[in-house]
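> For reference, the structure I am asking about is given below.
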Amino acid sequence: MNDSILLGLIGQGLDLSRTPAMHEAEGLAQGRATVYRRIDTLGSRASGQDLKTLLDAALYLGFNGLNITHPYKQAVLPLLDEVSEQATQLGAVNTVVIDATGHTTGHNTDVSGFGRGMEEGLPNAKLDSVVQVGAGGVGNAVAYALVTHGVQKLQVADLDTSRAQALADVINNAVGREAVVGVDARGIEDVIAAADGVVNATPMGMPAHPGTAFDVSCLTKDHWVGDVVYMPIETELLKAARALGCETLDGTRMAIHQAVDAFRLFTGLEPDVSRMRETFLSL
């Protein structure tokens, strides 16, 4: 067997993450024993440790890479030796590759993950006008992916309109055109009704946040509907959309493809997407 792979996930509230299992199973299937550790700063072992201390510890211990999640995707940037152009433009990193010399490079596979999910799940979707509900969390990555995968006009709706406009400014600067505008999420249903598609980028639909981020009565069979939530896979939003006959994109595609792209960066190996999907869905 070849050299083993040591990976980790730094963030808060990581107990339900399916990423460790996907990486460990894929590494083993490729003949590389893989250990993927949760490094939870709300947990007993890493509690109270700052991000730099945890990153340094990973370097000293010979980690091959780290995934970074809430609340550290922005804070990690200045601690890295190098950051990809895309991640720099977005101001967010979710994947850190550590080479044999300890050199760290940051990437954002949330963007590529959502983009690949769109290509796979909505290959023929109309993209002239799209609404994204939610500007926090993975919102910047989703917006960037939408605009770079053919969306001509993207309206990002949030209850905090300043946050929505700040996201729009970041994406517009990154892509070099006025593709995104931030809008108020209150009364967004009229805007959605006139759009081609809508993406939920809020936590609404998760067990802790039941319901939908907007009134689904604005949807028709001509809309396509995406959701970043993957627990449950069929959210209330997607259930309502499918009942209308809408094309839909569930949150599993982004979750799986971000891990697929990260595994490739960590190891230099070509992951088997179907196998990683099978692992994800088995959990």
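Yeah, the Cβs are placed from backbone N, Cα and C, and that goes for glycine too.
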> So Swiss-Prot lists Gly137, Val138, Asp158, Arg163, Pro203, Met204, Gly205, Met206, Ala213, Gly251 for NAD(+); which of Val175, Val180, Val191, Val228 goes with them?
Val228
> Return the residue out of Asn94, Asn124 that Swiss-Prot annotates for the same L-quinate site as Ser17, Arg18, Thr19, Thr69, Lys73, Asp110, Gln258.
Asn94
> Out of Arg18, Lys73, which of the recorded positions has the smallest number of neighbouring Cβ atoms within 10 Å?
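Selected from the recorded positions Arg18, Lys73 on minimum Cβ neighbours within 10 Å: Arg18.
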> Pairwise over Ser17, Arg18, Thr19, Thr69, Lys73, Asn94, Asp110, Gln258, annotated as binding L-quinate, what's the top Cα to Cα distance to the nearest Å?
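Taking every pair among Ser17, Arg18, Thr19, Thr69, Lys73, Asn94, Asp110, Gln258, the longest Cα gap is 18 Å.
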> Taking the Cβ of Ala213 (NAD(+) binding site) as the centre, how many other Cβ atoms fall within a 10 Å radius?
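A count of 25.
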> Taking only same-chain residues 6+ apart in sequence, whose CB is under 8 Å from that of Gly205 (NAD(+) binding site), what do you get?
Gly211, Thr212, Ala213, Asp227, Val229, Pro232, Thr235, Glu236, Leu237, Leu238
